[in-house]
Amino acid sequence: MDRGWGFLIGLLGAVWLLSSGHGEQQPPETAAQRCFCQVSGYLDDCTCDVETIDRFNNYRLFPRLQKLLESDYFRYYKVNLKRPCPFWNDISQCGRRDCAVKPCQSDEVPDGIKSASYKYSEEANNLIEECEQAERLGAVDESLSEETQKAVLQWTKHDDSSDNFCEADDIQSPDAEYVDLLLNPERYTGYKGPDAWKIWNVIYEENCFKPQTIKRPLNPLASGQGKSEEKRAFYRLISGLHASINVHLSARYLLQDTWLEKKWGHNITEFQQRFDGILTEGEGPRRLKNLYFLYLIELRALSKVLPFFERPDFQLFTGNKIQDEENKMLLLEILHEIKSFPLHFDENSFFAGDKKEAHKLKEDFRLHFRNISRIMDCVGCFKCRLWGKLQTQGLGTALKILFSEKLIANMPESGPSYEFHLTRQEIVSLFNAFGRISTSVKELENFRNLLQSIH
């Protein structure tokens, strides 16, 4: 009997030792596990898994997309960085040299881009130029042909459209300048502290449908009032954009600055501070999941807009005919590759249910996002402002596409599309914004490898 009790006590003791960690020692958790603990398997609200996205982006899409973005059509972006902040006056301008943006000289930008003749074929461009000139004069010239008069009115209708999600810069303003995005890359500038915090705080607190009880982007939409899923989706888009920007800053960090050279590279500590599960109280991994959610939304928009670019009249016009034709072929290859992605996000789940309520919510989305685009004029670092404006315009264009499915389906096979149209500004921002997210997904693979051996 004593032997039986002794055996039982010994067995229970062994179980206790193993369950309490006093038995075989478990390997310590790596830094990679703490950052990426939730970034695997299926994503919330989607039928897609992270591993499928990684393979598709890193090996099939990323290399070709980078080649396209290096072309003249996509590298030159016209922007007004001198617009005043519409919300407050006390903006502290960043005086660091890495915050500065170097605009292009007039002879550096291809003539075809500067002439604004970039929308369609050369014949159609001549018509559009007449329309735009007449519109700037503020009236429809009766001496114009009936077709041209109609185009003027249609372009006015487009410009006043309520479908635009961003408050675009006035690119005709004397303050608007072309910027070479390749010479002004997005990377760490040192812009931080109260001013940078204020920008994101206003975005999250006032424009993301968040409950008032939440003071920063910690646990959004804890309350279930109204269309909480759609509102949560909006928050996830902004959180994903924020996460993507933080990945870029961590991946292109100023590691060394001497009179001989500047060395940029991966800052593991910076990445951990932004995404480590312990250091961010569990929020870091969720932010990375939101980055993937943003990726799927913009990927879906690009798959939907393929018919717009497939029309024979459309070209990526720079004035270099051979290069323009090659770039259009590459663009269509990329879009067909995107369309073949097997697990696209179902955008119909965004605004399902009651039509009246769905319409109101869509309008709320548009107004909130336009407000966020205006907040970018309050960023004190000019390089941060440049990339902030471009990426918010790119995301706004993606949302415009997703909410224009019927208009895209009804486009004419040739000639200007009056009901659905994308300006060159929207096209450049759309693809560059997606290029930034694609780069973030690629960089996550690099950080995951770098953090594997760190505990």
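Cβ atoms here come from the backbone N, Cα and C positions, even for glycine.
For C381, the entry in TrEMBL reads active site, nucleophile. Other Cβ atoms within 10 Å of the Cβ of C381 (active site, nucleophile), summed over all protein chains shown, number 25.
Neighbour density for C384 (active site): within 10 A of its CB lie 21 other CB atoms from the protein chains shown. The active site annotation in TrEMBL covers C384.
Cβ neighbours within 10 Å of T189 (FAD binding site), excluding its own Cβ and spanning all shown chains: 21. Feature annotation from TrEMBL assigns FAD binding site to R187, T189, W200, S239, H242, R274.
The disulfide bond annotation in TrEMBL covers C94-C99 (among others). All protein chains considered, the CB of C99 (disulfide bond) has 18 other CB atoms within 10 Å.
Feature annotation from TrEMBL assigns disulfide bond to C381-C384 (among others).
Annotated signal peptide per TrEMBL: 1-23, in sequence order.
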For the binding-site residues listed here (R187, H242, R274), which one has the lowest count of neighbouring CB atoms within 10 Å of its own CB?
R187
Which residues does C94 (disulfide bond) neighbour through Cβ under 8 Å, counting only same-chain ones at least six apart?
T189, G190, Y191, G380, C381, F382, C384
Between W200 (FAD binding site) and C99 (disulfide bond), how far is it from one CA atom to the other, in Å?
18
What is the interatomic distance between the Cα atoms of S239 (FAD binding site) and C99 (disulfide bond), given in whole Å?
23
